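Before any comments, here is the structure.
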Amino acid sequence: MTYKSGFVALIGRPNVGKSTLLNALVGQKVAIMSNRPQTTRNRIRGVRTTETSQMIFIDTPGIHKPKHRLGEYMVDIALKTLNEVDVIVLVVDASSYVHPTEIEIVKQLERVRTPVALALNKVDALEDRALVLKRIEEYQALRPFDEYVPISALRGEQVDLLAEVIEKRLPEGPRYYPDDMITDQPESFIVSEIVREKVLMLTRDEVPHSVMVAVEHMERRSSDTLYVSAVIYTERESQKAILIGKQGQMLKRVGEMARHELEALFGNRIYLELWVKVKRDWRNKPALLHQFGFDRDG
Ligand SMILES: Nc1nc2c(ncn2[C@@H]2O[C@H](COP(=O)(O)OP(=O)(O)OP(=O)(O)O)[C@@H](O)[C@H]2O)c(=O)[nH]1
């Protein structure tokens with residue numbers, strides 16, 4: 001049997017149960033990632049690996065925000081991402097009326113070609129479960145979705161069915177991440193996301209959002225100390241210079257801020273070593289793949 005893999009965007013307005021669903025799909029550990037402020041373009045929220053497929057769930061910040069607050073730029077970024085993923089899951093709260101934000105999201109989705117599954121969550125909270133049919137009709141009137149799956153993320157009901165529906169639409173592909181990533185390795189992703197966040201914050205957009213951070217090495221050096229070495233890749237020498245700063249001041253600040261946050265998060269002392277390298281050709285590679293660190297060899 002062929003193995004399938006791909007990117008899945010979980011979208012929906014706040015509080016509909018996206019985090020709960022994600023946890024039900026991939027396990028508990030990922031919650032830590034979902035609480036991070038949304039400064040990056042996309043973030044991996046979790047990976048579900050089975051015998052037959054691997055799904056990489058990403059966040060699409062901005063898609064649920066009103067357009068006037070967001071600006072065209074972010075809307076465009078969000079739409080670009082949604083066009084690059086393999087499946088979109090729009091999570092809605094079936095126990096609530098169709099919210100104006102959902103109507104806005106559906107409108108945005110007109111510009112996207114990716115298949116969209118509608119996950120009608122919180123069916124356990126419906127007085128009468130037959131009401132979910134009415135809800136489906138209401139959403140269907142907005143646009144025809146590719147799939148409709150009533151679920152209860154909280155109780156884990158029909159979550160596997162949703163996973164099947166997603167899997168059906170994934171392309172053939174490899175396991176991008178090791179099977180045990182969720183249990184063993186999410187730390188490196190958290191580290192790279194946090195470092196990246198500090199870079200963007202402290203350089204105030206002088207370094208573009210496409211900057212990539214690759215964690216090269218993580219090692220426990222004693223019971224309470226974690227040694228981490230990471231490379232920040234920029235596209236140009238000028239960006240590298242900004243990032244390093246006068247006498248290394250900028251890089252030092254990035255490192256200090258990231259270290260503090262990581263220590264609080266992991267409850268360990270962190271020894272963080274940061275390097276800056278220029279990597280010119282990465283734009284040519286498929287944006288999503290490289291952004292998520294699949295090309296770490298160069
Ligand atoms: N009854 C019921 N409650 C649920 C279900 N799924 C999630 N919830 C509850 O809905 C609330 C919001 O859930 P989250 O998973 O944090 O929602 P979210 O969409 O990730 O929210 P944001 O992070 O704000 O975007 C929590 O109190 C959950 O316990 C469900 O299937 N049934």
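Every residue gets a Cβ built from N, Cα and C, even glycine.
Of the listed segments 81-84, 121-124, 157-160, TrEMBL assigns region 'G4' to 121-124. Matching 38-42, 233-237, 293-297 against TrEMBL, the residues noted as region 'G2' span 38-42. TrEMBL assigns the feature region 'G3' to residues 59-62, out of the candidate ranges 59-62, 99-102, 171-174, 195-198.
Annotation note: LYS18 (GTP binding site) sits in a helical segment as assigned by DSSP.
In terms of DSSP helix, strand and coil, the domain 'KH type-2' (203-280) has 31 helix, 31 strand, 16 coil.
Per DSSP, the secondary structure of the region 'G4' (121-124) breaks down as 2 helix, 1 strand, 1 coil.
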